[in-house]
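Enquirer: Pulled these features from Swiss-Prot for this protein:
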ACT_SITE  LYS106  active site, schiff-base intermediate with DXP
BINDING   GLY167, ALA193, GLY194, ASN215, THR216  1-deoxy-D-xylulose 5-phosphate binding site
Amino acid sequence: MNVHVSPDSLVIAGKTYGSRLLTGTGKFKDLEETRLATEAAGAQIVTVAIRRTNIGQNPGEPNLLDVLPPERYTILPNTAGCYTAEDAVRTCRLARELLDGHNLTKLEVLGDQKSLYPDVVQTLKAAEQLVKDGFEVMVYTSDDPILAKRLEEIGCAAVMPLAAPIGSGLGIQNKYNLLQIIEDAKVPIIVDAGVGTASDAAIAMELGCDGVLMNTAIAGARHPVLMASAMRKAVEAGREAFLAGRIPRKRYASASSPVDGLIG
């Protein structure tokens, strides 16, 4: 994959990535569309729901790793579908076995099936256990700055606050909480859930997020591969805008042309 690595590259758990767009692998019509969309996104980290996706646990079924090989992508197993800390920890341990000792994992412990909001009590409990077990934990959480800091202090490798409910496409609903999380953090902050279109991804990056993870926004689009390409450009543009620094907002106009030396 031709992904430019610069001094501004994303670093997670000691590994450097040229792309700040992380993608999911669910909801695509088939494995070929998954492959094409992942390539169009330029993603280097792809997340996989261990309880829903075959990565070797079912030998007779199509294997996602045949189209997204671990030699090319960092596979990020996640605990989607888990509602208790115990289930999440068990799922991570299974993933580590299937991926030959791979320790990077995405933790999510959900509160209920309607909202898919994280159960923060169970999330904290699972995060503490997984860190003790030697996992590098990227954790899905609410946009609560206090909780985000606590997860960082536990030892999580990245904190992943939601922008809006999973799959909602509502975009960033509370940018001020995200800003506080970003300002206080010493680990990467990656927006996870709620992105609907390219402008949402760009806004997240303009705020100073280190990356964006998405699945439904790409897989649910009319043309997923084209949307993946759009998201790639949005993340890159948003990051460059953040680094460049936006102009201050003003209530009144400010002429862009100099007034000195006017003719007449």
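The backbone N, Cα and C atoms fix where each Cβ goes, and this holds for glycine too.
I would like each feature placed in context: is it buried or exposed, what are its neighbours, and how far apart are things?
Expert: DSSP assigns LYS106 (active site, schiff-base intermediate with DXP) to a strand. The Cβ of LYS106 (active site, schiff-base intermediate with DXP) has 27 other Cβ atoms within 10 Å, all protein chains considered.
Under DSSP, GLY167 (1-deoxy-D-xylulose 5-phosphate binding site) is assigned to coil, being neither helix nor strand in the three-state scheme.
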Enquirer: Here are some binding-site residues: GLY167, GLY194. Which one has the most Cβ atoms within 10 Å of its Cβ?
Expert: GLY194
Enquirer: Applying a 10 Å Cβ distance cut-off over all chains shown, what neighbour count does ASN215 (1-deoxy-D-xylulose 5-phosphate binding site) have?
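Expert: There are 24 such Cβ atoms around ASN215 (1-deoxy-D-xylulose 5-phosphate binding site).
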Enquirer: Could you tell me the C-alpha distance between LYS106 (active site, schiff-base intermediate with DXP) and ALA193 (1-deoxy-D-xylulose 5-phosphate binding site) in angstrom, no decimals?
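Expert: That separation, Cα to Cα, works out to 13 Å.
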Enquirer: For 1-deoxy-D-xylulose 5-phosphate, with binders GLY167, ALA193, GLY194, ASN215, THR216, what's the maximum Cα separation in whole Å?
Expert: 10
